[in-house]
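Engineer: As annotated by TrEMBL, active site, proton acceptor applies to K44, Y271. As annotated by TrEMBL, substrate binding site applies to R144, M318. If you look up TrEMBL, you'll see 250-375 marked as domain 'Alanine racemase C-terminal'. Here TrEMBL flags K44 as N6-(pyridoxal phosphate)lysine.
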Amino acid sequence: MKPSTHRPTQAVIDLAAIRANIENFKTYIAKKNGITPEIWAVVKANGYGHGAIRVAQSADDLVSGFCVSNLDEAIELRSHGIVKPILVLSGIVPDDVHIAVNLRVTLTVPSLDWLKMVAALDTLKDLDTSHLKFHIKVDSGMGRIGVTSVDEANDIIALGDKLGMDFDGIFTHFATADEVNTDQFLSQKTMFDELVNGLTRRPRFVHSSNSAAGIWHTETIQDIERLGDALYGLNPSGTALDMTYKITQALTLKSELTHIKIIPEGATVGYGADFVASKDTIVGTVPIGYADGWTRDMTGFYVLVDGQKCQIIGRVSMDQMTIRLPERLPIGTKVTLIGEDGAEKITVNDVAAHRGTINYEVVCLLSDRIKRKYTNG
Ligand SMILES: *Cc1c(COP(=O)(O)O)cnc(C)c1O
């Protein structure tokens, strides 16, 4: 879908904030651990809704590589000039391995079975497998993809060697690095460390840190930090744990009033006629709805107009929603859905808390229909 450019709703992404978030992380780790690990920017899901291409291009000189979730996201980066390493974090369909090899994209091997399927491909003989770089995924307790024993990992290394492939890395992913309780985290760390110690050969990259591990468990950072949420200026724990260095939220979401009117006492607003005016009420229309990822449960939350909090009333429709205004304001008046207006501020975390979800989901759900504008690029 093409973004809707002829309406005032837009997400503004501050690229300088993203760059500063990376720099601040590096400074923090250098001070705390005395190391300078490679930073690989996680730009899956269209850069957590921020726009993978622009984020990757802007961060390119500050990072050593990129992580995406699937092959199409890797293809998108390669076709927009990104030449640094790209790791696909999920297992891809074995038949598509040739695409990854041709684009020099690093693959995740999620199991020995997967690599055996690749080994059985007719098309493998036409490929220069020395360009097939792979990282073994270890399931240390997340319960998703990955090997669970050192024997399986060593069998993958042996089969990879036999096929002439490049064993470039091994990694795992923590389920609870953003939580106060560290039991699960420590058991995963022990499992991963022991498995790596039992390998027949250590690859170039051993890595296990996402943002949360990099922020609150810096001892886990080895060769690569996979920096996602914090790169966008979001605290991966929401508000549970305090940040250990300065981040700035890169995304703001803005629109404008497209319609204003006074509705009389007893008049209703929106589908289901849920909202009934208890007195004459000034209302305004904002052109954003659930098709933009501004979900129906935003009713009852607020936006900022003229530096004031204005409640979202009635049901959020597909393309529009209604807010209560303190006074008659002109059409075109700025509306801030995420960001600052005067002394007031709405963060991604505030929206997530209202919805009972995490900040990741709020930004990832912002649909392609919302125009992205980049500043400080
Ligand atoms: C998404 C993802 C990350 C990044 O996580 P953040 O919490 O956003 O930093 C890192 N590693 C893997 C395997 C992931 O899937």
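Using N, Cα and C of the backbone, Cβ positions are placed for all residues, glycine too.
Keep in mind that this is a model prediction, so the values were computed, not measured.
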Engineer: Would you count the other CB atoms within 10 A of the CB of M318 (substrate binding site), including those on all shown protein chains?
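Structural biologist: Other Cβ atoms within 10 Å of M318 (substrate binding site): 11.
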Engineer: Just jot down the residues in the same chain as Y271 (active site, proton acceptor), at least 6 apart in sequence, with C-beta under 8 A of its C-beta; none if empty.
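Structural biologist: Result: G314, R315, S317.
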Engineer: Let me know the DSSP-derived helix, strand or coil state of R144 (substrate binding site), please.
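Structural biologist: For R144 (substrate binding site) - judged by DSSP and reduced to three states - the answer is coil.
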Engineer: Taking each of the recorded positions K44, R144 in turn and counting other Cβ atoms within 10 Å of its Cβ, which one has the fewest?
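Structural biologist: Fewest other Cβ atoms within 10 Å, among the recorded positions K44, R144, is found for R144.
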Engineer: Where M318 (substrate binding site) and K44 (active site, proton acceptor) are concerned, what is their Cα separation in Å, rounded?
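Structural biologist: Roughly 26 Å, rounded to the nearest whole number.
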